[in-house]
Amino acid sequence: MASTSQPLRGKRACKKIFWAVFPHACFILSLVIYAFLGAFMFSHIEGNRKVNLSEEYRKFLQNLWYISRNLSDNMTENEEIFKEEIHTLLNTAERDWFVNPKDKWTFFGSLFFCCTVFTTVGYGNTYPVTRTGKYLCMLYALFGIPLMFLVLTDMGDILATVLSKCYNEFRKLQSKLLASKLCSGCTCNKGDELKSRAQSKIVINEPLSIMEVLKSQRGVKRKPVKCRNAEIFEMLIARENEHTGAARNKSIERWSSCPELARGKTMSRVIENFDKIGKQLEKLDVPIVLMVLVIFVYISCAAAILPNWETRMDFQEAFYFCFITLTTIGFGDTQLEHPKFFLFFSLYIIIGMEIVFIAFKLGQDRLIGLYKKVISFCGEKKMPSMKIYPK
């Protein structure tokens with residue numbers, strides 16, 4: 001019996017873990033599929049577009065040809081012409097004139113563009129040009145941004161649980177260290193303490209009969225008959241619940257013989273997990289200084305890794321780029337040479353955005369508390385004292 005019960009318990013534990021992880025995996029998988037579908041769509045639409053030479057491009061080539069014709073044999077004069085005329089002309093050129101759309105809108109380039117859309121970063125170096133691409137971009141963002149916020153909220157619950165547990169364990173450890181320091185100077189009788197603990201365990205573990213309970217309650221005899229009967233009835237119910245509690249727990253095992261009931265309970269638990277999204281994030285209460293420290297360490301780790309494949313960046317430039325990305329500002333002044341490598345950093349971006357979101361939420365809660373204190377203080381100072389005059 002013991003050998004057969006262990007595999008059943010293992011299967012039940014695996015099922016519980018699966019259904020507990022299912023909502024989180026469902027959200028993340030939905031976001032990944034949505035990003036891949038958008039990458040296929042935009043790479044096909046924007047990558048296969050025809051490049052039409054505009055009138056501005058024709059004028060640019062014409063002015064460049066005139067300047068090249070006016071170049072002289074004197075190098076100093078050519079340098080002055082280059083500084084003044086050619087530099088000004090090159091500033092008016094657009095990047096799309098010299099870039100093939102298929103080279104720009106590859107699958108990985110389109111995937112990077114989709115990530116910048118639903119994360120609301122929007123660097124601005126890649127954008128749709130065709131009218132169909134612009135309409136689809138708006139529609140894609142309309143559904144992608146709520147999905148991204150849902151993933152952030154779900155990941156925020158996990159991160160909030162981890163942070164709160166770590167912070168509570170740290171506080172418990174700190175209180176234990178302080179208590180051990182305080183109790184180090186005083187002596188305690190450990191033998192008596194162990195005996196009292198053993199006696200308390202015996203009292204708790206040994207069940208009492210109804211007569212023993214009634215004998216221990218001396219105040220019951222002094223009360224009227226109705227009150228005494230009511231209390232005896234409540235004690236009988238409590239005693240009966242103690243015996244039937246184990247039987248109710250055993251009745252749960254009967255669901256294995258009736259799979260429809262078990263399936264209904266698992267489905268209800270999964271639905272409850274979906275309903276609990278965002279609850280842990282609302283309960284999080286850690287110091288804002290701790291969150292700022294976590295953000296600094298988190299960005300510093302990425303800033304130390306990013307220059308390994310982005311050779312134009314140093315630590316400070318990479319730190320600035322990561323901060324602008326995680327806060328979804330996305331100026332676009334710092335561009336990536338290898339967006340393929342940064343796509344593998346997508347999990348880092350999602351977790352980092354969640355950390356920044358939690359920090360902003362904690363800061364918002366602190367600001368609301370500060371405003372309440374200021375308003376209550378000003379109201380107490382400026383509120384005139386109410387005087388009651390006799391009629």
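Using N, Cα and C of the backbone, Cβ positions are placed for all residues, glycine too.
Just so you know, TrEMBL annotations are computer predictions that nobody has curated.
Note on the transmembrane segment (21-42): residues 105, 107-108, 110-111, 113-115, 117-118, 128, 133, 136-137, 140, 143-144, 147-148, 150-151, 154-155, 158, 270, 273-274, 277 of its chain, located 6 or more positions outside it, place their CB under 8 angstroms from a CB of the stretch. Residues or ranges marked as transmembrane segment in TrEMBL: 21-42 (among others).
Look at TrEMBL and you will find 102-159 (among others) tagged as domain 'Potassium channel'.
The transmembrane segment feature in TrEMBL is assigned to 105-123 (among others).
The transmembrane segment annotation in TrEMBL covers 135-153 (among others).
Residues 163-164, 167, 313, 315-316, 318-319, 321-323, 326, 345, 348, 351-352, 355-356, 358-359, 362-363, 366 of the same chain, all 6+ positions outside the transmembrane segment (286-306), place their C-beta atoms under 8 angstroms from a C-beta of that stretch. Per TrEMBL, the feature transmembrane segment maps to 286-306 (among others).
The domain 'Potassium channel' feature in TrEMBL is assigned to 294-364 (among others). With DSSP states grouped into helix (H, G, I), strand (E, B) and coil, the domain 'Potassium channel' (294-364) comes out at 51 helix, 0 strand, 20 coil.
Marked as transmembrane segment by TrEMBL: 318-336 (among others).
Positions annotated as transmembrane segment by TrEMBL: 342-363 (among others).
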For the transmembrane segment (105-123), give me same-chain residues lying six or more residues beyond its boundaries with a C-beta closer than 8 angstroms to one of its C-beta atoms, as numbers and ranges. 31, 34-36, 38-43, 46-47, 137, 140-141, 144-145, 147-148, 325, 328-332, 335, 339-340, 342-343, 346, 349, 353
